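Student: Shown below is the structure under consideration.
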Amino acid sequence: MAPAAASPPEVIRAAQKDEYYRGGLRSAAGGALHSLAGARKWLEWRKEVELLSDVAYFGLTTLAGYQTLGEEYVSIVRVDPSQTRVPSWLRRGVLVTLHAVLPYLLDKVLLPLEQELQADPDSGRPSQGSLVPGGRGCSGVRRWVRRHTATLTEQQRRALLRAAFVLRQGLACLQQLHVAWFYIHGVFYHLAKRLTGITYLRVRSLPGEDLRARVSYRLLGVVSLLHLVLSVGLRLYGFRQRQRARKEWRLHRGLSHRRGSLEERAVSRNPLCTLCLEERRHPTATPCGHLFCWECITAWCSSKAECPLCREKFPPQKLIYLRHYR
């Protein structure tokens, strides 16, 4: 009896199990870096640590020709488009590159590009979206982006910003569309596997598959498509709102620059953020009373829901943004 194709629940359980172990590896590597180099270096290099963790996980499993922990958990194996052979080393290498490395590279290029295009070209200050010193203009990618966007006109910057936004949001929507399509047809769960033609076969035979599960997944796929349409509309609306708010902010900042030099000197003496060790911008207070940059503390709380100084636990929604605070 020929091996049967893996069912959608098996593929999803394998992916969820892999995500669980990848998350544990990322957390352990990030914790080691934080303990050895401190919070500042952890914030600066956390994306690279996550990339190395993912490459290590898939390099020791997929690239080496073994099952991942998730695939072993549900007893499924990868096969090439012929459905009779294990994928070649080259095909597995392309799979790991598309699944783990390419998203990092796109984020590394598109995010600094959007931040530099959103920044005021007439101002010497770095963009507000940066989080840490390595992201505030010190990285090679940011310097390259800044050098090539410095000569653009305002109209060209707006057009390029729209293109970068459409590309980044379009990739996210494509991923959601692909998952919804999987719920309906149940073949490729990850976009990288579709591009490489890698599918799954069962290693062991199971009792007859419940047809109600198939129907439920198809219904979930339809709901996911409707949710995708709604989220695309909300993202476009939010982008237009941000564009309008950015214009108002630039007008307000242009008026504020006309104030006297005394106030300029007072602003320049703002205290430092203890996370990035730079002038504190958009001050935000934790429930325990410590102050940080809004960008720094929100990035910190995305992985550690505690104060970086006193280690008091608190949920991220308890952060207090201080308006007009000096």
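Placement of Cβ uses the backbone N, Cα and C atoms for every residue, glycine included.
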Student: Looking at 90-122, 288-320, which one is transmembrane segment according to Swiss-Prot?
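Tutor: Result: 90-122 is the stretch Swiss-Prot calls transmembrane segment.
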Student: Looking only at what Swiss-Prot records, is T284 on the same membrane side as P3?
Tutor: no
Student: Per DSSP, to which secondary structure element type does C307 (Zn(2+) 2 binding site) belong, with helix, strand and coil as the options?
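Tutor: DSSP assigns C307 (Zn(2+) 2 binding site) to coil.
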Student: With H, G and I counted as helix, E and B as strand and the rest as coil, say where DSSP puts C293 (Zn(2+) 1 binding site).
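Tutor: Where C293 (Zn(2+) 1 binding site) sits, the three-state DSSP reduction gives strand.
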Student: Same chain only, please: residues at least 6 beyond the ends of the transmembrane segment (148-185) with a C-beta under 8 Å from a C-beta of the stretch. Say none if there are none.
Tutor: 8, 11, 106, 110-111, 113-114, 116-118, 121, 191, 194, 217-218, 220-222, 224-225, 227-228, 231-232, 235, 239
Student: State the residues, same chain only, that lie 6 or more residues beyond the ends of the topological domain 'Peroxisomal matrix' (61-89) and have a CB under 8 A from a CB inside it; answer 'none' if no residue qualifies.
Tutor: 6, 10-11, 13-21, 95-96, 196-204
Student: Look up C273 (Zn(2+) 1 binding site) in the DSSP assignment and report helix, strand or coil.
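Tutor: The residue in question, C273 (Zn(2+) 1 binding site), is coil (DSSP, three-state).
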Student: Could you break down the residues of the topological domain 'Peroxisomal matrix' (61-89) into DSSP helix, strand and coil, giving a count for each?
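Tutor: Within the topological domain 'Peroxisomal matrix' (61-89) the tally stands at 7 helix, 4 strand, 18 coil.
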